[in-house]
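The FAD binding site annotation in Swiss-Prot covers 7-12, 32-33, Trp40, 61-64, 466-468.
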Amino acid sequence: MSIAICGGGIAGLSTAFYLARLIPKCTIDLYEKGPRLGGWLQSVKIPCADSPTGTVLFEQGPRTLRPAGVAGLANLDLISKLGIEDKLLRISSNSPSAKNRYIYYPDRLNEIPSSILGSIKSIMQPALRPMPLAMMLEPFRKSKRDSTDESVGSFMRRRFGKNVTDRVMSAMINGIYAGDLNDLSMHSSMFGFLAKIEKKYGNITLGLIRALLAREILSPAEKALKAALLAEPKTAELSNSMKSTSMFAFKEGIETITLSIADELKKMPNVKIHLNKPAKTLVPHKTQSLVDVNGQAYEYVVFANSSRNLENLISCPKMETPTSSVYVVNVYYKDPNVLPIRGFGLLIPSCTPNNPNHVLGIVFDSEQNNPENGSKVTVMMGGSAYTKNTSLIPTNPEEAVNNALKALQHTLKISSKPTLTNATLQQNCIPQYRVGHQDNLNSLKSWIEKNMGGRILLTGSWYNGVSIGDCIMNGHSTARKLASLMNSSS
């Protein structure tokens, strides 16, 4: 038995890890087009004489994970099986990083409430002032008669009005997807469950309460996966220990998780990793029960790469999934008191005026992981603005750093000269699920079933969720499905 996995990011690595454990007699070849594994999980340590540790740890992509939900359980299951619990950095639910979050609109910081008292105070802020009336009116708004997909922006405006959508939801979409909420698919976004609640109950405010009481938030597949994960003693134990944890990071950076998976895979005799070796051919084998990848026959192929790459290999229906690019600028100050406020960071909605450098958000990294005992932030710029007008992309890292420092001055009044900076353009890093994404995905899967005998399985951020947790969860589910298929055919 043999399986090929195309793509060495977190989704491909997770799939390989679970497959190798579930089917130890199966040969697994993992193909990665680049020189390293891990995809967008990129932690770098840069030498710095002014840091007590001699280096500064920067994250060039995502940096934290959450323990909550089914995806959170999948994160914890992988961590427990890798045995890297001691490398975690837990962030308490009571910490400033968990409680204090901000939206910058129109020219000031608006604190997002984390308590009832905070909610009372927050309604006087310009970004959140429309919320109370919108929440009161929401149950009385007409629901959508059909179940067709629509944009996140369209859905939210129907249910909560223009101001809440433009000032609050736009900020969230910028932070999660670096995208335009007017283009993003409601059904395929992380808010898709709200559309299901509207369809069943007619509104969100009361419907959400009823759905929570009836435990209807999770799909049957999610409930089954949750039960399977909690049946693992170490996973359940780790989950219980995370009750007061809002999120967690890794002491040596988020790349700890992908490096740990790679180390485990290298120890497994049934796994071979092929770096700098992309899938150049993907065709049905002459026996029609196998698939050829680069001339090698496999019983199944897990495609954990972009739909664009898949479309270049086989004559399948096109997903037409665009992407967002983000300039990530890391900034370190040896002074630990540079930040004027404490918290996780701030997000900027697209309707905020005077945002010429298209800043999406600023993360206060030193609140979460600060071995350097200084002040550390990450400024993220671009997203849909870069997609719509590529001339807005800074032509070099120096320009990006200058833009980021201007944004820090404008939003947080930070004028201090940084000790160390690092700028990285992450091109095409976040897939943008357009309206109709799920229908397109179903069409692609049907084509694979008909023309490739169902021998190709899709996983990763291009198909079923862009977060690390989504990728790990879907990698786990893909491995379980493959194990079931191969066991039933043997």
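Think of each number as a place in line: the chain as shown, counted from 1.
Quick reminder: no glycine exception, Cβ is built from N, Cα and C everywhere.
Looking only at other Cβ atoms within 10 Å, the busiest spot among the binding-site residues Gly7, Gly9, Pro62 turns out to be Gly7. Taking all protein chains in view, 19 other C-beta atoms sit within 10 angstroms of the C-beta of Trp40 (FAD binding site).
Listed binding-site residues: Ala11, Glu32, Thr64, Ser467. The one with the lowest count of other Cβ atoms within 10 Å of its Cβ is Ser467.
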